[in-house]
Amino acid sequence: MADFDMVLKCWGPMEADYATHGGLVLTRLFTEHPETLKLFPKFAGIAHGDLAGDAGVSAHGATVLNKLGDLLKARGAHAALLKPLSSSHATKHKIPIINFKLIAEVIGKVMEEKAGLDAAGQTALRNVMAVIIADMEADYKELGFTE
């Protein structure tokens, strides 16, 4: 619980502008890990230099952060929120678990820059994301999805 609370203390600035921060998260993910762009076919035709200003990238980034905000606010009691997310990402989108670990690190960097998440907050976010990702991985296995 303490980890969730520590991350939530810095969540306000992220929540205040999901589109901008979400676009930044996805653009940075695609820049730092170019292989992840292949997992988003709807962004395939966008030139790398245009990703940051693309409305679709920002909108999807906003969705990612909005869902993460819901998971954070559940403070660990997130099974009902996570199951449908795990199901769609395993069966429809076919997103390997490693990619959630990659985006979690990017979210941590963006939160440090834009929301003042300090070193202790970074550790708390890693702990929180480890729990969420482990639960997703269990859902994936239950669904028979292995990368």
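A Cβ is built for glycine as well, from the same backbone N, Cα and C atoms used for every other residue.
What Swiss-Prot annotates here:
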- His60: O2 binding site (BINDING)
- His60: nitrite binding site (BINDING)
- His89: heme b binding site (BINDING)
- 2-141: domain 'Globin' (DOMAIN)
Neighbourhood of the residue listed as 'heme b binding site', C-beta criterion under 8 angstroms, separation at least six: Ile95, Met136
Stretch-averaged pLDDT - the domain 'Globin' (2-141): 97
Cβ contacts of His60 (O2 binding site) (under 8 Å, same chain, 6 or more positions away): Gly22, Leu26, Phe40, Lys42, Phe43
For the domain 'Globin' (2-141), residues assigned helix / strand / coil by DSSP: 118 helix, 0 strand, 22 coil
